[in-house]
Amino acid sequence: MTKIMFFGTRDYEKEMALNWGKKNNVEVTTSKELLSSATVDQLKDYDGVTTMQFGKLEDDVYPKLESYGIKQIAQRTAGFDMYDLDLAKKHNIVISNVPSYSPETIAEYSVSIALQLVRRFPDIERRVQAHDFTWQAEIMSKPVKNMTVAIIGTGRIGAATAKIYAGFGATITAYDAYPNKDLDFLTYKDSVKEAIKDADIISLHVPANKESYHLFDKAMFDHVKKGAILVNAARGAVINTPDLIAAVNDGTLLGAAIDTYENEAAYFTNDWTNKDIDDKTLLELIEHERILVTPHIAFFSDEAVQNLVEGGLNAALSVINTSTCETRLN
């Protein structure tokens with residue numbers, strides 16, 4: 001019987017993975033550990049592997065997999081910047097991802113957390129906790145229908161986000177290297193700077209690559225409309241975090257919401273209760289009154305989890321049986 005290791009298992013995924021195995025006549029072994037130099041030897045008797053990595057995979061894992069006859073790694077996220085695709089190819093390892101698992105879930109997160117900042121919820125909550133129930137100009141908002149929203153990246157998630165904002169009646173500008181002609185309710189601009197210059201809300205939905213690395217830094221924030229709101233449910237490396245904090249502090253941004261952080265791997269998805277966080281930048285984000293931080297959880301719905309579990313396992317089995325899969329990356 002074909003054997004697949006399901007690394008990075010969370011409690012709510014285990015039953016889904018085992019049920020998939022029964023339906024597909026595959027022996028699925030679940031493990032809470034991640035694929036790494038320390039765990040790769042567990043795969044000696046396996047045919048395939050799926051995992052959910054957040055940090056960079058060590059280089060020595062690829063030749064080890066090749067020596068064990070394993071032909072693939074099925075990543076259970078859309079992001080894949082934790083893999084060296086060229087090195088994997090050199091060792092005959094097919095890397096795959098799950099490019100679409102519930103774009104609407106992430107879009108709903110992006111809009112809902114932006115609305116918290118639009119309606120000044122963090123400020124209102126602090127005032128209420130201090131028993132200040134007065135109405136002040138500082139907590140007055142304006143309707144989204146009177147706002148301009150910039151969508152940076154109009155793939156599946158960006159497009160779904162744009163459609164929600166269109167339902168509010170917002171004016172929508174966008175930038176994407178490959179414009180989507182079906183999104184006739186928005187206006188594409190020739191550059192990111194042009195797209196954001198009049199935006200009240202900026203919503204980021206771009207992959208992590210050389211072009212997007214620190215795309216939003218001080219130079220980009222200099223082109224932002226004063227008092228704008230920034231939401232990042234894309235990849236942490238898209239933002240230069242110290243520059244983001246500075247932009248909020250000096251009033252360039254009214255506030256920001258980030259679901260991803262460039263150096264999140266050591267912390268996000270882990271329970272850090274009663275432990276010291278050594279990352280001073282992360283602490284500054286968490287403690288900032290006008291920055292909302294969530295732990296890479298924008299995708300987290302029952303539909304998305306089911307699709308990620310099955311997407312990873314389906315890709316692994318496809319490569320085992322046919323040497324390729326629809327979602328291969330290299």
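Placement of Cβ uses the backbone N, Cα and C atoms for every residue, glycine included.
Going through ASP123, ASP132, ASP259 against Swiss-Prot, the one listed in the NAD(+) site together with ARG156, ILE157, ASP176, VAL206, PRO207, ALA233, ALA234, ARG235 turns out to be ASP259. Cα-Cα distance from HIS296 (active site, proton donor) to ASP259 (NAD(+) binding site): 5 Å (rounded to the nearest whole number).
Taking Cβ-Cβ distances under 8 Å and a sequence separation of 6 or more, the neighbours of PRO207 (NAD(+) binding site) in its chain are ALA78, GLY79, ASP81, GLY153, ALA234, ARG235. If you draw a 10 Å sphere around the CB of ASP176 (NAD(+) binding site), it holds 20 other CB atoms from the protein chains shown. The candidate set comprises the active-site residues ARG235, HIS296. Of these, ARG235 has the most other Cβ atoms within 10 Å. Note on the recorded positions ASP259, GLU264: the fewest other CB atoms within 10 A surround the CB of GLU264.
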